[in-house]
Structure formats: structure tokens, C-alpha cells
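Presented below is the structure to which this report refers.
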Amino acid sequence: MKIYEKAPAKINLLLDVLRKREDGYHEVEMIMTMVDLADRLEMEELPRDTIIISSQVGYIPLDEKNLAFQAARLIKERYDVRKGVYIHLDKKIPVAAGLAGGSSDAAATLRGLNRLWGLGISEDELCDLGAELGSDVPFCVKGGTAIARGRGEKLEHIDHPPQCWVVLAKPPINVSTADVYGKLRANELKEHPSIANMRDALARGSFQDMCSGLGNVLENVTLELYPEVLQLKESMLRLGADGVLMSGSGPTVFGLVSKEAKLPRIYNGLRGFCKEVYVVRMLT
Ligand SMILES: C[C@@](CO)(OP(=O)(O)O)[C@H](O)COP(=O)(O)OP(=O)(O)OC[C@H]1O[C@@H](n2ccc(N)nc2=O)[C@H](O)[C@@H]1O
Ligand SMILES: Nc1ncnc2c1ncn2[C@@H]1O[C@H](COP(=O)(O)OP(=O)(O)O)[C@@H](O)[C@H]1O
């Protein structure tokens, strides 16, 4: 039997860091939501007790470094499953982009293998397993729109954003999340974006207030390392996006757009100097 799972990308409408913790992670407050750009996973049981990963792209690891591999190994160990699985990753989400592609693949693997092997694991338990794989995996297990606290694993679901277009542009650089957090001076942050205002904007369905409430304290760190990300932000605004922000640790920049008629100008303008541009919808 073959089963399929979609693994959508996330964006951070808001990302605040409260402090650095003793364990090296940062205490965060984020508002995350999913967009309609997804990897597609195909999973099939194998007669041998092994995990095999394949993908149509050549630039991700296919061994135990792959987060889908780690998710399959974890679920097999924890639930004593002595069966094998073949997982094909049809990658559509840009890699190391701040869009949680790997985390979403891990989450989709947990959901998929729970189904394939009829394990009856609850969604909350899948989230706990996911937290062992990465801070963003629990959110990717549940999806929706949520405030994520702790190191990202404590979730509170909130209202979805008002429907709009999301333009994603990824410059040709790979950003390491650990590097960006490592360079952040969390105790010296002067300004913090307001979770309360953003939550309120979503509750009221106010597109305008959502755009003006966007904020990400990791942005300045990545902008300093890669000035082209700032150029991308400025171009998106100039071309007519209503609100613009870097997602996660970057380097992908997203623009929120309410009017479809604005899209061709923004898309064509960005494609002039950035190969990876996607126009998608919020996944509500
Ligand atoms: C920044 C965010 C925002 O959504 O996303 P991305 O840019 O990676 O998509 C996340 O916080 C990333 O989550 P994720 O990519 O799952 O991170 P992990 O694998 O758990 O951690 C990678 C490294 O980032 C740092 N890290 C991560 C999360 C956190 N709350 N504090 C940290 O300091 C740690 O140095 C850790 O070793
Ligand atoms: N299934 C996967 N898809 C993409 N990248 C993966 C996967 N498994 C492991 N990786 C590795 O994880 C790193 C981060 O990738 P990704 O999750 O796409 O980025 P981000 O953390 O910025 O959202 C990359 O360096 C990549 O080599």
C-alpha cells in the first residue's frame, strides 16, 4: 500500500525572541501559519526492516541527516515497529530558506507512518515526538495558525489570517538557523513586535493591521550578513506588496498582497534578479 502526505511550508508573521536559555536555545514568541506551497511525500512499506529516502532533488541529504529519515527512525524505535519504509520526497519548498521544509517533511512522515502502520498515536503525542526532531516540527504536525512559545514547541491555535496572496522570494543563499540565532544579541533587543496586536488583527480579520504588525527580530541579523535580503525587501515594497517580512531565519522574504491585479508587476519585477519566486495563497 502507498500513502501520500502533503508537507506545506510555514511563514512567521511575527517572530520575537525573549531571551537566550541555559540549554542554548532561545525562548521565542512567534505567530506562524501555513502557505500553499508544499512538498509531497509518498510512503510505502518495505519487506525489509530498513528506511530508504529518495528525492527528485540532488541537494538534500538522503541518509540519516534527512529529517524524514530521522522521523521514521524515531517512530520505529519508540513504537517498536520492525518494518521498513520507502519514502519519496517530491521537494517543492526551497531548502534552508526559513520556510521549514525539512521540519514539515518530518511532520508529514510522522503523520503518514502513524496511518500506514495503524499505530493510533494521538496528534499531541506526534507533536511530542516532533519536538525531539526540531523546534518547528510540532507546529508542522498540527498546521493551522498558532502562537508558538518555548523554543517553538508550545502551541496555542488562533484565528487564521484574512485570505490574501503571498509572494515568496528566495535569494540564492543558504542561511543556517543556528548561525542566525548564534549572532543574535537577545538581551540587547530594543524593540519587540507585538504579539497582542497581531493576534488582534487576525481576530478582526484586518488585512491592513496584519501588514503593519509584521515583525521579526532575526531579520536584522540576517540583513547584516546578507545585504541582498534588504534589497529584496525594498524591491517587494516598491513593486507594490502591502506588507513585507523575512520568514524565520531567512533568507526568504514574503510579501502579502490583497489585490490580484498587483501580482504580475511584483512577480515579474522580482524575477528580474531572483530566480526562486512563488505566488501562493495562505492555507486557511
Ligand atoms: C527560526 C525558525 C522560526 O520558525 O525557523 P527557520 O528559519 O529555521 O525555518 C525556528 O525557530 C527554527 O526552528 P528549527 O529549524 O526547527 O530549529 P532546530 O532544528 O530546533 O534548531 C536549530 C538551531 O537553531 C537554534 N535555535 C532554534 C530554535 C530556538 N527556539 N532557539 C535556538 O537558538 C539552536 O542553535 C539550534 O541548534
Ligand atoms: N527533508 C528535508 N528537506 C530539506 N532539507 C533537509 C531535509 N532534511 C534535512 N535537511 C537539511 O536541513 C537543513 C535546513 O533545511 P530546511 O528545513 O529546508 O530549512 P529551514 O530550517 O530554513 O526552514 C538543510 O541544510 C538541509 O540540508
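Residue positions begin at 1 at the first shown residue.
Every residue, even glycine, has its Cβ placed from backbone N, Cα and C.
For K10, D136, the entry in TrEMBL reads active site. Summarising the annotation, TrEMBL assigns ATP binding site to P94, V95, A96, A97, G98, L99, A100, G101, G102, S103, S104. Residues or ranges marked as domain 'GHMP kinase N-terminal' in TrEMBL: 66-144. Annotation source TrEMBL lists domain 'GHMP kinase C-terminal' at 198-274.
Overlay of TrEMBL annotations on the structure.
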residue	record	Cβ contacts under 8 Å, 6 or more apart
K10	active site	M32, T33, M34, V35, L99, A100, S103, S104, D136, F139, C140, S247, G248
P94	ATP binding site	G101, K170, T252, E276
A96	ATP binding site	N174, V175, S176
G98	ATP binding site	N12, V175, T177, M246, S247, G248, S249, G250, P251, T252
G102	ATP binding site	I60, N66, L67, A68, V95, G134
Listed recorded positions adjacent to ligand 1, that is, members of K10, G98, A100, S104, D136 whose C-beta is under 6 A away: G98, A100, D136
Model confidence over the domain 'GHMP kinase N-terminal' (66-144), averaged pLDDT: 98
Contacting recorded positions for ligand 2, chosen from K10, A100, G102, S104, D136 when the Cβ sits under 6 angstroms of any of its atoms: A100, G102
Environment of P94, V95, A96, A97, G98, L99, A100, G101, G102, S103, S104, the listed ATP site - residues of the same chain whose CB lies within 8 A of the CB centroid: A9, I93
Where G102 (ATP binding site) falls in three-state DSSP terms: helix
Cβ-Cβ neighbours of A100 (ATP binding site) (radius 10 Å): 30
DSSP helix/strand/coil residue counts for the domain 'GHMP kinase C-terminal' (198-274): 45 helix, 11 strand, 21 coil
Per DSSP, three-state class assigned to K10 (active site): strand
Cβ neighbour count (within 10 Å, all chains shown) around S104 (ATP binding site): 29
